[in-house]
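The domain 'ABC3 transporter permease C-terminal' annotation in TrEMBL covers A:184-300. Sequence annotations record features per position, and here TrEMBL assigns transmembrane segment to A:30-52, A:177-196, A:202-220, A:232-254, A:274-296.
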Amino acid sequence: MKMLKLRPSEILSMLMGDPQADRVVPPTGFTARLTLFSAGVMAFLAVFAMALSMASGRLAQRWGDELARSATLRISAPQEQRAAQTEAALRVLETTTGVASARALTSEEQRALLTPWFGPDVPVDSLPIPQLIEITEDDQGYDAAGLRLRLSAEVPGAVLDDHTRWRRPLVNAASKLRLLGWLSIALIFAAMAAMITLAANAALAANAQVIAVLRLVGARDTYIAQAFVRRFTLRALAGALAGMALAMLAVALLPSAQDQASFLTGLSFAGWTWLSPLIIPLIAAVVAFVATQAAARKTLKGLR
Amino acid sequence: MIELDNVAYSYGGGELLSGITFGLQPGSFHFLTGPSGAGKTTFLKLCYGALIATSGEVRLFDQDVRSMTRDDVAMTRRRVGVVHQDVQFLDHLPLADNVALPLTVSGRGALDEAANLKELLNWVGLNHRADALPPELSGGERQRAALARAVIMSPDIILADEPTGNIDWEMSQRLLRLLVELNKMGKTIMIATHDLALIRAAKTQVQARVLRIANRQLQLAGADL
Ligand SMILES: Nc1ncnc2c1ncn2[C@@H]1O[C@H](COP(=O)(O)OP(=O)(O)OP(=O)(O)O)[C@@H](O)[C@H]1O
Ligand SMILES: [Mg+2]
């Protein structure tokens, strides 16, 4: 309906308020407090859902990174067989489905890996150090058991080290959890919209006479709608701000993450993401604005 | 100003009004009578656009009521002052604010009109009740307040539905004088009433025409009353 479309300047002036227009609608103590309370609770829950989503997102990311890093094949063989077995292992890997690439580390790379333990001057070549082969999986991944079987037949000195693979289902779970968190946030806002619509409808019904009188003395629909929309928008904003502040305090007071991999202790915001809950009161205000606008429009439509 | 062309109206049952053709001339003074339930209030509602004719055409300030948007209707209400039969106010606001309500909702600051408002309240004899809430007012006080609210926007037309329904003879004389005064200032007036004595009294002060609703028709009553 065209008459209820608001321009940005009108939204601004509406939120600044017109004390005269404010007075034409009687104060509604109980509905006001209920709206404030519900918006606060919803914002509180939304902050937790957001923290959950972000924490599981970080977890999925970290574990995913570790997974993407290559697995290693270690070849411990007598010095004179090392080159041959490395050759054989690379041939096996090249024909294994699920292996994107396989590469024997050069002795410089091996030395760099060992430097932290033995210092820079160790003659790596003369030590009986196993040869390392870096394996990068493709998206499907390879069948570790099958690969081990083939290797044991053809390269007796090869040991496949794929300790990060067990995390694959956990990464999936963490990603799903993140999705669930965002879904919860969406549902929380939907519930808040429903609640504010109910409250606005109740307030509009309770003020049916006020609305009829305003209409009779020549008030335009926008004027009447604004009187209600402004109230509910500001209430939702205030309630959500309070709920968000309390929830952020609660999140901040949670024990901090000791073990990086532990999910529960990681339930918090990190760095700049501490700012992200600020969007919750804004969304609450927008939701209240739209919901009340729709409720007012519906009420006014039944009145000439 | 208001024109009805072969208008009929029904609330859903049989036709309450039918084949009504009528034009309201600027500066005229009309009474509208008829038995209770004849359709006086309905006729007035058709005149100020609160009801839409079931057939025929109603034009308000040369605009077809049927084609009016909701904002057009609101704007029209600022140009037609109506005293409703069942007057309603905003019960949480004092009388003075209620009388100034049309100014408030049309964005004309009541502050600029404070002097006018005081004068108007004086004129309807309600200055001493300016701070009272509507539920605290007597029936007569409510009707005078309704008249004050109807004229505060200085409308071209004033439609009053039983404005003297609740009040004694002296007070209705006073109210009539207010309406006659408005008519002398150039306003177009139409009053629905049962009160024949009031009509007779008015005829000594102003050239009033009497319309009667009978048998679903609008008739011009004879000069003899
Ligand atoms: N909203 C409505 N729905 C259905 N019928 C209605 C409605 N309003 C009025 N009526 C009926 O229409 C008829 C005319 O009503 P109206 O109020 O116009 O009469 P009136 O001439 O003003 O009567 P009164 O002198 O008692 O005020 C009545 O029979 C009334 O019952
Ligand atoms: Mg009536």
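Quick reminder: no glycine exception, Cβ is built from N, Cα and C everywhere.
Below 8 angstroms of C-beta separation, residues 4, 11, 35, 39, 42-43, 46-47, 50, 54, 189, 192-193, 196-197, 200-201, 204, 221, 224-225, 228-229, 232-237, 239-241, 244, 247-248 of the same chain, each at least six residues beyond the ends of the transmembrane segment (A:274-296), sit close to that stretch. Sequence-remote contacts of a segment are chain residues at least 6 beyond its ends whose Cβ falls under 8 Å from one of its Cβ atoms, and for the transmembrane segment (A:202-220) they are 3, 24-26, 28, 31, 228, 231-232, 295-296, 299-300, 303-304.
Break the domain 'ABC3 transporter permease C-terminal' (A:184-300) down by DSSP state and the numbers are 98 helix, 0 strand, 19 coil.
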